[in-house]
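Notes for the one structure printed next.
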């Protein structure tokens with residue numbers, strides 16, 4: 001990644017630089033590359049164009065039965081996800097078209113807004129509790145999870161701080177302390193909502209950006225060890241949490257209790273065989289696999305599309321991560337490079353944690369599978385992140 005720093009120390013200076021750029025270019029637009037787009041740009045666009053529609057199909061397949069049994073329309077979750085997908089397309093277009101300089105100008109305001117929204121779930125009558133986590137906001141028919149937007153906000157702010165002060169990376173108070181403060185406050189809010197899974201992902205995103213920026217390894221190791229210890233202590237703090245987070249270690253004895261979800265998902269995956277039972281023909285979604293449309297959608301996908309379908313989907317994620325890595329390495333703008341690297345780490349880490357929990361290799365954390373699981377906030381934030389990747393691929397060369 002490029003080690004160039006911008007030297008811009010405040011939103012006011014960023015604004016002045018943008019106005020100066022506009023005076024140099026009467027059209028008032030940031031100069032962009034007009035040559036051929038890199039292959040990585042098309043790979044990212046194609047993978048997202050495959051995963052998002054596939055996710056809509058799998059949401060319909062995995063939710064229609066249980067919704068019909070509950071007396072609701074079989075199309076209920078599918079229709080909601082389609083609305084979120086169109087909103088995601090708009091947000092992705094904005095993230096793609098907005099100059100990186102302007103994104104930097106607004107990233108701290110975005111972080112403050114996201115932190116403010118994290119307080120709303122605690123308001124009686126508005127906050128919504130799901131499976132013990134009070135992490136959702138419900139206003140009429142609109143239900144969303146602010147922590148999904150906070151992940152993106154933390155990524156952008158960390159990249160901005162490092163870009164402004166990157167030449168002083170060795171000074172802990174100048175770079176690491178501000179970044180860790182932003183990360184720590186956000187993670188604390190997530191833990192307060194009893195959403196440890198999101199806090200783990202957010203911490204991983206922030207530390208990944210610091211690592212990619214070349215932060216000193218010894219302090220990084222100490223911070224990582226401390227955060228890991230805190231996460232383990234929280235997970236084991238009560239008998240309920242301890243049983244929930246350790247049930248995957250002994251599924252045979254916990255399959256009727258806290259390990260029920262994972263056990264049933266493994267059975268569904270094994271039923272898929274090589275080619276799967278066909279879309280809509282799976283049995284796990286008939287109430288056997290809880291949350292088949294969201295956290296455990298990978299199990300439904302594996303049963304209905306089989307090993308071949310699972311292999312193709314995992315290859316799509318690998319291609320997305322590979323292309324995003326190339327974008328980050330090729331970007332000449334330090335902020336864009338760190339944003340691209342952070343998005344790649346975010347998608348990769350969350351995918352590994354979700355799939356690992358579904359197949360019984362890791363604890364179930366309640367995290368969604370990027371682009372595929374039901375969840376409007378998750379889809380919206382992921383498509384915004386994808387738009388940023390495309391933006392960097394297009395303009396960061």
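Every residue, even glycine, has its Cβ placed from backbone N, Cα and C.
TrEMBL tags one of the stretches 279-301, 371-393 as transmembrane segment, and that stretch is 371-393. Per TrEMBL, the range carrying the annotation transmembrane segment out of 16-38, 39-61 is 39-61. The transmembrane segment (198-214) makes no contact with the transmembrane segment (39-61): fewer than 3 of their CB pairs lie within 8 A, with pairs spaced 6 or more apart in sequence. Segment contact holds for the transmembrane segment (110-130) and the transmembrane segment (175-192), given three or more CB pairs below 8 angstroms at sequence separation of 6 or more. Among 81-98, 142-163, 175-192, 305-331, 371-393, 305-331 has the largest number of CB pairs under 8 A with the transmembrane segment (39-61). Counting Cβ pairs under 8 Å to the transmembrane segment (371-393), the stretch among 175-192, 305-331, 338-359 with the most such contacts is 338-359. Recorded stretches compared: 81-98, 305-331, 338-359; the one with the most Cβ pairs under 8 Å to the transmembrane segment (142-163) is 338-359.
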